[in-house]
Amino acid sequence: MVVTDSPLAPHKYVRRISKDFSTVRRYSNTPAVVVGSFRASTSAFIAAESAAHLPTCSSPTTRTPVSTPRGIRRRQRMRKRSSVSSTLSKVLILNVRDLLKAHAGSEPLKEHQPRSWIETNFQKRECIKFIPCPKDDTKCCCGQAQITHQTIPGIESGSPGDLWLPTKHTRPQPTDAYGTIEFQGGAHPTKAQYVRLSFDTRPELLVQLFTKEWNLELPKLLITVQGGKANFDLQAKLKKEIRKGLLKAAKTTGAWIFTGGTNTGVTKQVGDALLLEGQQRTGRVVSIGIAPWGIVERNHELLGHNREVPCHSISSPRSKLAVLNNRHAYFLLVDNGTQAKYGAELILRRKLEKFISNLKLHPFTHSSTPVVCLVIEGGTNTIRAVLEYVTDSPPVPVVVCDGSGRAADLLAFVHKYASDGEEQPVLESMRDYLIGTIQKTFEVGLDQSEKLYQELLQCTRNKNLITVFRIQEKPEGEAQELDQTILTALFKSQHLSPPEQLSLALTWNRVDIARSEIFVYGQEWPNGALDEAMMQALEHDRIDFVKLLLENGVSMKKFLTIPRLEELYNTKHGPANTLGYILRDVRPHIPKGYIYTLHDIGLVINKLMGGAYRSYYTRRKFRPIYAKVMNSYANACRKSSTYQYQRYAGANSLSLVTGLLPFTSEMALFEFPFNELLIWAVLTKRQQMALLMWTHGEEALAKSLVSCKLYKAMAHEAAEDDLDTEIYEELRSYAKEFESKGNKLLDFSYRQDAEKAQRLLTCELHSWSNQSCLSLAVAANHRALLAHPCSQVILADLWMGGLRTRKNTNFKVILGLAMPFYIRQLDFKSKEELQQMPQTEEEHLENQNLDNDDSDRSQPDAEALLADTYSVRDTKVHENGKVSLTDSDTAQFREFFNLSEYNEVKQHQPLRLKKKFYEFYTAPITKFWADSIAYMFFLIMFSFTVLVKMEQMPRWQEWYSIAYITTLGFEKVREIISSEPVAITHKFSVWAWNMWNPCDGAAIILFVIGLAFRFRENTMDIGRVIYCVDSIYWYLRILNILGVNKYLGPLVTMMGKMVKNMIYFVVLLAVVLMSFGVSRQAILYPNKQPTWSLIKEVTFQPYFMLYGEVFAGDIDPPCGEDPSQPGCVTGHWVTPITMSMYLLIANILLINLLIAVFNNIFNEVNSVSHQVWMFQRFTVVMEYQQKPVLPPPFIALCHFYSLLKYCVRKAKGLEVQRDNGLKLFLEKDDLERLYDFEEECVEGFFHEQEIILNQSTDERVKNTTERVETMSQKIEDINQKENIQTATVQNIEFRLRKMEESSEQILSHLAVIHRFMSTHTAGADDLRGSTINIPGEMQRMRTISISDTEGGSGPGGNGGGGGGGGAIVPLGLGAGLNLNSLQVTTRRRFNRSLTEVRPDAYIFDEGTHFEVVPLPEEPDEVVKSREALNEQVVRKASMQSEADSDIYIPVSQRPSTCETVKRTPYVTVRQDTGASTESKDTLTPMGNNDDDQTLVGGDNSDDATPDINFEAARHRALRQRTVSLCRRNSETYSLTGADINRSHISLNQLASLSRRQMSLTQSEPDSDKDAPIAQGSAHPGKSVLHAKPSRNILLKLHSEYTSITDELESVCHMIASPTVSLPSNKASLDRPKTEMSRAEAAALLEKKHLKECEENDYMILEGLIESRGSIDASAQGFEIGVSIDYSHRYPLRRETAVELSPSKPSVDGDLMGGGEGGGAGGGDSSDTSGAGSCGAMVGISSGFQLKNERPWQRNSSMEQQTYPSPLVPTRATSDFLNPPYEGRLFKKSSESLQKNSSTETDYSAHPYRFIKQSSNETNTSLTGSYNVDTPSLTAEPSLDAGDSHSATGISISVGAVGGTATARYQPIRTASVGAADGRRLREESSSSLDLSSSGPVTMQAAPAPPVRPMLLKKQFSVDQGKPSQTAAEAVPQTPEAAQAGQAKLISTLKPQPFASKLGMNVLKESSSSTDESVGSSAKSSNPALSIPQISTHLVQDEIAKLSSNIKSSTESEKDPPFNETMC
């Protein structure tokens, strides 16, 4: 019997399961209540389980004896535990979701009452009906499994065929997921807001969510990013540009970025761009990810209300879900009830974008929020999204990042070549290639690729809406960046007026866009159009825009009016400032919302500048002007309701004046607008704007000083208002900046012109309260400027006055004072020099002797002069030039001061004696010494008075002292009255600015008090004591006199500073002194009575202890029990201890601290002692300049004279107050010249500063760093290209070795074929045996045109023959012709047009260079040795490694001349050895192979042999996709082939490292030699090789990137050059999964899934476009079937490889339309690698069948049929060497053809070939090989793409006019012929050969590149069912017939079973057996081959005419332009 271990065992399982459940709860925020309920239910379940399996125990401690063995009991117990645990685990798994849902549903009801705004307005969606998915019955169409699907009572499950719709089968519920996501993984978590919402949420709710809940500002630009969902990598340079440009565009414009939100594809790239921004919260870019809720990984963790969810952004590649990108700030998780399905967010995102685009940027503007789409990479859904954007109303501009891949590259290319009209000639000519590219790029089928092609065309119909961004390195300057491209695209797409564009640019703050796109040449702006923009730029502090507007015609003088300036002061934009704080000081009771007036601003300026300054806004003149202007501008500039409230309060009092004052528009303007704007910028703390205004306008030096003073005063106010310390420091730094600029400007001006610089300092400033720069510098405490030599020269000049003495000046002045007659001996300045000195107005007028005329020039009333003089500043300077009391008009006397008059006076006019005395006594130095002498005499007299006994009546010494001090008091009163401010308090504050003045006043008042006591008998002694005390100050006042001295002045300043600092120290000392003094006094004298003497007793002894007096007896007085001694007080022993501590602290610590402070003060002042003294000197000069002439006490006479003068002026009605400040009065013209000099100095100063900045170390380091980064990038590119070049060379060498082995076997087969043909061909002596026909390895056609003189005439050409004038018959390899009489001529390659844009010729992508150098050849020599043959084949094989070769055969037109055009088929490869990576492989053609001959019967003239040229192989050879696809073919290859494939794979890994953009080059002609021809030889001989130097083609290194656009352009621009395949990861993706790494397999799995998601979005967008009119509908985009069948999708590649499958039988088929099957291979009509035949094709079907594999191993394809063993791999012709033709029309070629053709002409869209088609052609046929330009060398060994091989046909063409036959020789591309047509081809070829004797024969050999079926339809009439004989009968007979005997011999000697070997490749598995080939050729596998038919009547005419052009250009030794020579 088995018992449980414990009756509590079931609870163990409960605890264990509950622990697991707690883990789930931790991530799902499930409360403990749910856990408790779950534990309870689980406990009940366990109890039931336990009851079923276990017996009930009697007691907890009782155990039933065990009757079974111990081991059995243990096993049963474990089995029981396992059963219970598994059962409970199942319960947990099944019920945890229901518990979470129950909690989520009940939580809002319990804890969120009422619900939040988000829950009220946003909903989620849940599927309520189970509809089985067609692919999986256990899953619903919504994506949920059946076991977890919600079931609603009353709703039955649907059937598998039902259509699931989110609107019908889901129900909305309040959202249960919103809050904050904290992305973990970094140093600090990145937070993002999220919300789950329904797919049909209204966009206005979303905008409210952004603005109200998430506190976002509305965007000024919306950038919606579209791209691929699958992960992709951007090229490094492009990635850097995209990241930088996107971030800059978003941050500078305040844009929002919309993305997909998930961490895949393009959203991941955007997230990486946002990563550069950093973690800052403020100013973070608003990036909003809109993702489907159902695809979010672990979305159950997001459930909760306003939660903070920790999240790790780590995705699982095997999961179909995705994680959110951790760089986004906001997420909208769109829910439509589906799980793991994309597409839910598309409709919502588009509706939201459309809604935002309709929002206004500003409340009062008409411009809406611009939206732009940025396309990066992308899939099929991206193309459809772009289509939806550009066709929407209003359309959305699209910016495409070219080079990012896939959809973006295709859009960029199609956009580039799209035309505005309906016709798209270039794109239509490339239609098939584009469709193929789409198939490969998106891995879709043909139907869908054609649909995507049409959508691309529809996108480009709105070409102006699409802008392509591509990195371009322009030598002339910087390329346009992505942010500029985005903003420019908006201007291009939205047809906005220039003001609207300027407003947008201002909103974005992008002055570069405004400069490049708006202010362009030719843009005219009406008057005032830019004023609003200027106002907006000033308000928003847009410095660059203000500068730009000033540059483009905005006149600030006309712009700035009084209302606008007041509006600027009241703007809410811009930085925070302290203007409001200061304004509350001048206007204490300001209501809320008060609008500042200019009068208020004037009061603030006056407060900040000090009493010396009066703002123009506070002048009486300004008040009526302000009132009149504001009344006039009230309706225009202000709202009437607010304007009436904020009007200036004094305007009503001036209503009469305002009404009478005439209003003019000029009244509202300012004379110096930049000055007003400078003050506005300073007061509102806009430093950069202030600096801009400082650089503009006049009076720059004065503006810098005013700004410095304002900033310092504002800093002082900020410190007093206890504002942040940062504000104080910021304002101080701004003040220092202006202080420095002013000083440097003065220094620069002084170096330019010292005299004018001095004038700048002393001239009167009308705009700044009539002050001078010197007085402003003193007010700003600008010591450096006053210490400048320019200022010191002025001060020295002012100090000396009219004197001019150099030595012993003081002695001479004292001597002059003592002996007045000595004054005549002193030197004085001339009258001219005196007039140029600064002076007061009074002196100026007196010097002009104009006082007697003052009555005639009384000042008019203010009202009469308002309109003219309102801008004249009448304020006078204060103490440093301040004396005036009231306003005055300075214009009345300024007209009398004309410097030009004084220039006419003699330069050295001496002064009169009277003037000398006046100048001597009024000089400041004279006044100083007179005052000093008088003061010293006063001190002597006053000292005598206090030292001797004071009598009842004062002595004369005392009377003198009384008189001196009394008159000094009157002088101080005069100084107060003469100060500028009107208010007495302001006057006193100005006077008290100098600290000696208040001290003088206190001493005088004290003396007067003592004097009052002195004259009373009983208090005379008190008066005497006051005298004695007062004498202390009068002695100390000597320091003021000593301050003038250069050495003593700084020391006096130090003393003053030390006294200030000592006051703080005294406070500390008093604290320590009182603490110990009170303690000592209280202990020693406990019984003291309260008296005032206690204060003295407390402080007396401790204070004097500081100076060494210890008072030892008092510290510890003797005491004891001895009666002679006083008793000891309690605690008497404490006193010595405390006093010892006191002396330690006070005497040592505090005194030394004071010494250290004084030492610090000395060091500070001593370092600037020179500046301090110079600054003090200015104060002394100004003080003595304004003093009266006589010193006290004689100064009373001067006071009496001034009073009398004042009364006289007042009686006469004259203005008595004059400005006594020292200034220079200049005429207006002189002032303008001075301002011009100052402006020039400002410009020179900035230029000098710029030079200094560029030469500074920091700037040089910065420039060096940028250059090093650029060089590093280029070196990295060079290194990368060098590595790839090295890998390419190694790969080529490996392939060449393999080709050598293959060539040996090929040559052995050739020898067998040659012997066989020699045996079976009659007339061997007449026919020349040749190796020109290399069977099977050359995709060429050879036509033999035989004139009637050479052979007999015959009937018309067969149906296999070409055209109405001749027949084209296939010529067998063994056909016997009399070729000895044919001349072999070399072909000459002509140069391309200089205007042609094409890739680098001769250069592989990896950098390997090849060059084709033709050499003379001997065609009759025979290759006698195997080694020679091997060498030829090696050269021939190496030629195949080239990318392509353009071969052109210039032929002259001769009717009866035999010409043989021959090209050397073999080339030898010579690789230059050396260490350089730029070594090139030189390809030297090896002669003596009659391959690709064009034979024409005629005369054997040797002079008709032009040169032969080869176009060297060019273009990129081995791209990533090119080599990667080779892996698929390697499975069936032999060991040799596998080695080659391995080389490809190894190369792929290196080739994928670099991508390059094609450069623009042009080929150069070679100087080729004529090839001599030897006749009579039956076998070709061994050619002689002539080494020729290779051309030096420079390797151009590119730092650009490549894209699909490059590859498409290569097709569009190349001359039959191959198209490099698209780069892809096929090499890694097509490998078996066992060979992949784990990361590769995961990436493959993820990419596959994400591409399916792109297709799903593509289908949803289709519904969106169809329902364009109802975009606001709820879910039209979702009304799509759930299951989408992708079975029709084709793989990415177009597979046309050939697989040898002898076991598979082939099926015979009839000939179909040639246009349809010309390019068919293996039954696939889209196959572009198939080979066709020109003329009647002879198909061979040796049991081989086409397989849909892509051929890429063309270069080694000669091994395919050489080996008879089955192990020999099959090769297929590659698109690499035989690409489709380029789709580009050339206008010149078209015109040249039209000149020589009839009207019935139809030209093909082929870029270089225009075939004229006759209107009467009926039954002609021609194969698909019609292209003139061949992409590969004609004589290269290669196989077809099809089972049938390249045909060698004979085309018999008979001239239709005049009986002369004209022959054209050109390589012709052949269409692919399938093996299924073998039988039919043999019949056609035999019939063609039978009719060959009736006409001239033209032999052509051409390769077999792919052909476009669509173009064949357009160019040829296709004959599908008529027999070929009808075409031959329709050919008219010409009198000159060809040799019929030879032609019949060709047809009769050729046996029917052997026809396949004559027309096609005879390299079969056994070349000796003809019976095998007969059997195998009877098989066919292509049932749908059609041969197009064309008439050659007009074709030959046009070809003949064009060939004459070629001939003429060839004879003139000039290569003809390509565009004019294409046939």
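Backbone N, Cα and C define each Cβ position, glycine as well.
According to Swiss-Prot, the feature topological domain 'Cytoplasmic' maps to 1-653, 949-992, 1046-1057, 1158-2023. The region 'Disordered' annotation in Swiss-Prot covers 56-81, 833-858, 1346-1365, 1471-1507, 1556-1585, 1698-1734, 1751-1770, 1814-1844, 1874-1904, 1919-1939, 1962-1990, 2003-2023. The feature compositional bias 'Basic residues' is assigned by Swiss-Prot to 71-81. The transmembrane segment annotation in Swiss-Prot covers 654-674, 928-948, 993-1013, 1025-1045, 1058-1078, 1137-1157. Marked as topological domain 'Extracellular' by Swiss-Prot: 675-927, 1014-1024, 1079-1136. The compositional bias 'Gly residues' annotation in Swiss-Prot covers 1351-1365, 1711-1724. Residues or ranges marked as compositional bias 'Polar residues' by Swiss-Prot: 1753-1764, 1814-1835, 1978-1990.
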Taking the transmembrane segment (1025-1045) as the reference, which of 928-948, 993-1013, 1058-1078 gives the largest number of Cβ pairs under 8 angstroms?
993-1013
Using DSSP, tally how many residues of the topological domain 'Extracellular' (1014-1024) sit in helix, strand and coil.
6 helix, 0 strand, 5 coil
Near the transmembrane segment (1058-1078), which same-chain residues lie under 8 Å Cβ to Cβ, leaving out any that are not at least 6 residues past its ends?
1098-1099, 1101-1103, 1106, 1138-1139, 1141-1142, 1145-1146, 1150, 1153-1154, 1157-1158, 1161
Could you tell me the mean pLDDT over the topological domain 'Extracellular' (1014-1024), as a whole number?
91
I'd like the per-state residue tally for the topological domain 'Cytoplasmic' (949-992) from DSSP, helix first, then strand, then coil.
31 helix, 0 strand, 13 coil
Are there residues at least 6 beyond the ends of the topological domain 'Cytoplasmic' (1046-1057) whose Cβ is under 8 Å from a Cβ of it, and what are they?
995, 1039-1040, 1161-1162, 1165-1166, 1169-1170, 1172-1173, 1176-1177
Counting only residues 6+ away from its ends, which parts of the chain sit with a Cβ under 8 Å from the topological domain 'Extracellular' (1014-1024)?
946, 950, 952, 954
DSSP-wise, what's the residue breakdown of the topological domain 'Cytoplasmic' (1046-1057) into helix, strand and coil?
10 helix, 0 strand, 2 coil
